[in-house]
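Here the structure is laid out as structure tokens; the discussion comes afterwards.
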Amino acid sequence: MRNAESTTLHSADIGIIGGSGLYEFEGLKDVQKVTLNTPYGAPSDPLVLGKLGDRSVAFLARHGAGHRIAPSDIPARANLYALKYLGVQEVISVGAVGSLRGDIAPGDIVILDQLIDHTRGTRPASFFGDGLVAHVSLADPYCGRVRSTLGRAAAREHPAVHEPGTYCCIEGPQFSTRAESELYRSWGMDVIGMTALPEARLAREAELCYAGLALVTDYDCWHPGHDAVDARSVAEVMASNVDAAQRIVRRYVEQSQPGPCPCHRALDNALLTDSQLVSGAAGEPVPSLLLERVTRVA
Ligand SMILES: [Zn+2]
């Protein structure tokens with residue numbers, strides 16, 4: 001972390017990543033905007049730190065202010081690294097999705113528990129490599145502990161919450177063809193989006209709890225009774241749902257308790273590289289923040 005290595009002035013324990021339509025988080029007190037640079041470059045936007053009750057949070061607009069970063073270009077490693085650097089332990093990822101099921105309607109909310117990666121594999125998706133090999137478990141990509149509290153918060157703030165849900169992450173930026181949409185439905189997917197990956201993979205590698213709050217904006221293009229999705233209608237539905245998303249996250253922050261979680265020890269049994277080589281790997285591409293942890297568990 002080049003700009004802030006020598007200072008610990010800024011910190012947060014809950015990270016909020018806002019997706020389409022959620023570019024600012026209302027209700028924060030003692031707000032500070034922090035511009036960071038990471039070994040992976042700059043995050044999507046400056047991070048906005050503030051207090052919600054007695055918890056400190058860091059908000060990050062995934063697409064940048066003004067929505068200028070396409071899904072394939074989101075600097076996910078920089079984003080997760082910056083949150084980790086700030087001391088974040090839990091990340092709530094908010095995103096717009098299309099529904100692949102008739103009983104999940106536009107305006108509804110889904111608390112995610114599973115993912116299918118249908119991106120093209122070109123997004124940098126690991127902090128490891130270049131001599132350090134780690135295989136974290138991704139069997140349950142969303143943290144069960146955070147998810148259950150988030151689900152309760154959502155149920156108090158919104159009349160139509162679905163839980164759990166499987167998210168199919170496509171590359172975009174185009175929406176699906178009808179044949180693709182029907183294929184994903186035949187796989188049993190619940191919702192479709194473009195941004196949950198590689199975020200979830202990187203959160204696990206960074207030993208962060210990660211939860212997904214999906215805001216349903218459309219029926220993709222499969223529903224015979226609805227027009228195929230377009231970006232403008234997504235934005236309109238999002239605008240009406242952003243308040244609910246913020247209420248849910250605020251309630252989550254108020255009700256959640258920081259605590260130990262298996263997510264925080266995801267690297268314990270993940271490293272395969274010979275420990276002699278690991279301890280000699282300082283200065284290699286894996287950033288010091290993770291290397292320190294890897295060296296301890298090797
Ligand atoms: Zn967790």
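Placement of Cβ uses the backbone N, Cα and C atoms for every residue, glycine included.
Record check, TrEMBL: phosphate site residues include Ser20, Arg62, His63, and the candidate from Thr177, Thr195 also listed there is Thr195.
Recorded residues Tyr219 (substrate binding site) and Ser176 (site 'Important for substrate specificity') have their alpha carbons 11 Å apart, per Cα-Cα distance.
Long-range Cβ contacts of Asp218 (substrate binding site) within its own chain (separation 6+, distance under 8 Å): Gly98, Ser99, Pro106, His226, Val229, Ser233, Val234, Val237. Comparing C-alpha positions, Arg62 (phosphate binding site) sits nearest to Met194 among the recorded positions Ser176, Met194, Asp220, Ala231. DSSP gives Met194 (substrate binding site) a coil state; it is part of no helix or strand. A helical conformation is recorded for Ala231 (site 'Important for substrate specificity') in the three-state DSSP classification. Between the candidate recorded positions, Ser20, Ser176, Thr195, the densest Cβ environment within 10 Å is the one around Thr195.
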